[in-house]
Every structure is written in structure tokens, then in C-alpha cells.
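Chemist: OK, TrEMBL features for this one:
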DOMAIN    6-375  domain 'MnmG N-terminal'
BINDING   G10, G11, G12, L13, A14, G15  FAD binding site
Amino acid sequence: MSKNPIHIIGGGLAGSEAAWQAAQAGVPVILHEMRPVRGTDAHKTDSLAELVCSNSFRSDDADNNAVGLLHAEMRLAGSLIMSAGDANQVPAGGALAVDRDGFADAVTKKLEAHPLITIRREEVPGLPPTDWDQAIVATGPLTAPGLAQSIAEATGADALAFFDAIAPIIHFDTIDMNTCWFQSRYDKVGPGGTGKDYINCPMDKDQYLAFVQALVDGQKTEFKQWEGTPYFDGCLPIEIMAERGVETLRYGPMKPMGLTNAHNPTVKAYAVVQLRQDNALGTLYNMVGFQTKLKHAEQVRIFRTIPGLENADFARLGGLHRNTYINSPTLLDASLQLKSRPGLRFAGQITGCEGYVESAAIGLLAGRFAAAERLGLAPSLPPLTTAFGALLNHITGGHIVSDDEPGKRSFQPMNVNFGLFPPVEAPKAEGKRMRGKDKTVAKRHAITSRARADCRHWLGLPAQPETAEAAE
Ligand SMILES: Cc1cc2nc3c(=O)[nH]c(=O)nc-3n(C[C@H](O)[C@H](O)[C@H](O)COP(=O)(O)OP(=O)(O)OC[C@H]3O[C@@H](n4cnc5c(N)ncnc54)[C@H](O)[C@@H]3O)c2cc1C
């Protein structure tokens, strides 16, 4: 059995975790990190796993929050990022926030001290040479230009994006279908469609005018100086379209043409917001054409004025950022391997996940998959019911690629959220169906306890006894 090293490019959140996991599995690793030889626009130190902005890993509540659940699963899998985070915690209520220098220092020291890990401070200028038969690209949203260029050349120009233009995504079960209805414009069936592929939210004239004004007045997030202004006409933020004239949206993403309100067929909507199914499970819908730089709280406030979305729960809010990420659902197989070049994996934000914890989680999986292959084993994929599996599935296959807008790629980065998990039936309380908040909480608990049990099973850990009694 070959014990050639696995080469990992990028010592950020994903690359550091991947290196740790592979080395802990007994496989030598060479970790290539370009800092301090070459910096990025956001990193400020030489440390591995530097947190470039906030110092929060977000909620640590494994029962009620999807990222808290991901923390729990990563701890079960022996994550270096989580153990260094736990050891450097600072008070932050229900969130896990860390002392950023202490955290990065702990990760760096652990990796430097590992007997199977060699760290090389050098830029990898292009795709790994072919004699690196197992390699992981984990170079993140600010991948150095030379490598980004060669990824684009190897995967096709459309396959690599340098900005994300994110439209909000909504949990289907929070959309009021007594107001909205399913229909594609002109009942167009299209490839793989049914003629009823969109959810439509109707507005009358007064509602539309008030909505346009709210978009114009809403508080926006500024671009960082180094990001430039990445607008191009096919992908303008919704509020910029609103600023161009009161009718612009009605002739763009909010046009009411070809639609009949199923609840009120004789009254024509003045404008319509359309939502499109986002994942194969049918649990998430994205707001078509609603990429935005509005502040998150403003998005929630303004978008909940849309008829049918008054109680919308957002799985993701919109944004527009400098980012580098590949079209993973098309390019990668289920174990994060480039289909056109077996042995070359991608990990972290460059795969289209979003966030420190998610990037580290995908690094954890890539490290384990590469190590398994090096040891002559088939990579073991986490079940879809776990946070690991749900996130991996979003990246490698769960997202529905929209084919009714030729030339546009619809895969956008996303944080882990409950909409990515296969749904569960809400348990009954004393034989009666639950409603409202109780039902939501019960469903979340059902999802998180199923996930933890399945994760333990996947990792070969003994089942967790539910109660002290059961443990005896
Ligand atoms: C400005 C900004 C702010 C963000 N803020 C947050 C936030 O507050 N919270 C949050 O959860 N997420 C945030 N993110 C998103 C994301 O979670 C982080 O970017 C995260 O660090 C991604 O992890 P990663 O391992 O994929 O990439 P990174 O952590 O960026 O690691 C990539 C590493 O690869 C190195 N590298 C790049 N190219 C090469 C090369 N050719 N050769 C060798 N090394 C190379 C880089 O120096 C870097 O160390 C932010 C992103 C950006 C860009």
C-alpha cells in the first residue's frame, strides 16, 4: 500500500482540518500554505486557520440549530477546529465564539507538532502536478489568481465564479399557499418541468409601489474596497433595479405576465414575486432574481411584506460578495473528487459551502475520503440525515440546477440549515397533532436526534444511551 503523502493546498479552516483528519488516519500529509510568502486581501497573519472576520462559530445549540448540530458531529469525528475552538472559547451566550489569536495559534501548533504533517510555506501556482496523486484544493474564497486561473482552464470558464450573487432562500413550509400558487409563466413545461414549477406571490399596485420604495430606502451593506463593484447587467441587485425606475422590476423579475392567480382568477396581479424550488427534497425555495446587498435585518423586514411571505423563515439571506467557488454539483463526485481528475478533491468554501464551520466540516470529510483511498478503502459517505451528509449533498448533488435560464448558474454558496435535511414527521403530543412553534421545535429535535444517532453509527461509535437508565 502506497504511503505517498496527500498534498493539501491552503492552510485555512478547511485545509487545516483536512490535514489533521488524514494524518490522524495514519497518512502523511504535506500542507502548502502561501502566507506569509504571499498574502490575501483579507488575511492579516501567518497563522493557519485564521478567522478573517468575525470570531464566531455561531450557535452551539445541537438540539435546535443546524450549525450547532454540525459542531456536535465534528466533535464526534475528532475535529481539530472544534477542539481548538472549545479550548479558546470566549463568552458569547448560546454561540461558540473564540479568541481568534489563541484559536489560530492552537491549530497551527497542533499541525506543526504532528509527526505525519509537513508544512510548506509556498504558493502552489497552478493545479497540482499529476504526480501528486492524492491532493485537496482548499484555497478558499480568496484563492491566489494563478491557481484560480488554472482551475478555470481545467473546469471550463463558466464553472468558476469570482463573486456570489445570492438570492434569499425560504423554507417551503413557511410559505402561505392560501395566498400563493404554483404555476410557471405561460404554463411553460420546459426541460424536467411540469408547468407548475414556481410559487407565485401576487401584489396589487399599492403593494408593489410600497415595496419598490422600501427597496430603495432600505439600508445596504457596502462593498469592501478590494472587492470592487461586481455588478453586471444580467445580475443586478434587486434594490439597484428598483432605483433605476419604478417600473423596472415589473418588466424584470417581478413581471406578472403569463400567470393567473389560482385563488382569484379574475383579478390580474400587478406584479409577482416568483420562488423556485432549490433542492431535490423540495424543502427550500429561492426568490428568483432577488440577489441583494440589503442588510440582513432589512431583507427580513421588507421581504415579509410580500403577500404569502408574512411568516417566511429564511434558510439563507441574500448577499453579493467577492468569492471563488466552483460549480460543484456538476464538477464533483459524491466524495468531493473532480470527476475529470480522480484523486484531486476540493474542500472548504471553494466548493460552495459558506462559513467557517461549514468550510472546516467539508475539509474534515475531504481529509477522511482522501486518507481512506490512500489506505486502499472506499470513502465512507456520511448519511444524508446527518449535518455532514446534508451539507455534502447540497454541494455535490442536492441542489436543483435550473435549466430554464440558459447561461445562468444557479448553484450558490449556502450555510448548513434544516432545509437541507430529509424532512421528518412532527411527533404527536399525547396522540394529538402539534401546531405552530411546538411543531417546529419538535421537528427540529426529531431531525437533530436522528442526525446524532446516524452520525455515531457512521463513525462506528457506540449508540448514545438516551437516558441514564438505558446506560445501565
Ligand atoms: C472577507 C471575508 C469575510 C468572511 N467572514 C466570515 C465570517 O465572519 N464568518 C464566517 O463564518 N465566514 C466568513 N467568511 C467565509 C468563510 O467562512 C471563510 O472565508 C473561511 O475562512 C473559508 O475557509 P476555507 O478554508 O475554505 O478558506 P480560507 O480560510 O480562506 O483558507 C484558504 C487558505 O488558502 C491559502 N491559499 C490560497 N491560494 C493558495 C495557493 N495558490 N497556494 C497556497 N495557499 C493558498 C490562503 O492563504 C488561505 O490561508 C468570510 C469570507 C471573506 C472573504
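Just so you know, glycine gets a Cβ as well, placed from its N, Cα and C.
Just so you know, TrEMBL annotations are computer predictions that nobody has curated.
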Chemist: Give me the count of other Cβ atoms within 10 A of the Cβ belonging to G12 (FAD binding site).
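Modeler: For G12 (FAD binding site), the count of other Cβ atoms within 10 Å is 30.
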Chemist: Tell me, how many other CB atoms lie within 10 A of the CB of G10 (FAD binding site), whichever protein chain they belong to?
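Modeler: Summing over all protein chains shown, G10 (FAD binding site) has 31 other Cβ atoms within 10 Å.
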Chemist: Could you check the binding-site residues L13, A14 and say which one's CB has the fewest neighbouring CB atoms inside 10 Å?
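Modeler: It is L13 that, of the binding-site residues L13, A14, has the fewest other Cβ atoms within 10 Å.
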Chemist: Are there residues of the same chain, six or more positions away from G11 (FAD binding site), whose CB falls under 8 angstroms from its CB, and which are they?
Modeler: A19, L31, H32, E33, R35, L48, A49, L111, I119
Chemist: The domain 'MnmG N-terminal' (6-375): mean pLDDT?
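Modeler: Reported value for the domain 'MnmG N-terminal' (6-375) is a mean pLDDT of 93.
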Chemist: Using the Cβ centroid of G10, G11, G12, L13, A14, G15 as the reference point for the FAD site, which residues of the same chain not in that list have Cβ within 8 Å?
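Modeler: Counting only non-site residues, the set is I8, S16, E17, A18, E33, L48, A49, A138, T139, G140, A347, G348, S359, G363.
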Chemist: Let's check the environment of G15 (FAD binding site): how many other CB atoms sit within 10 Å of its CB?
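Modeler: Looking across every protein chain shown, the total is 31.
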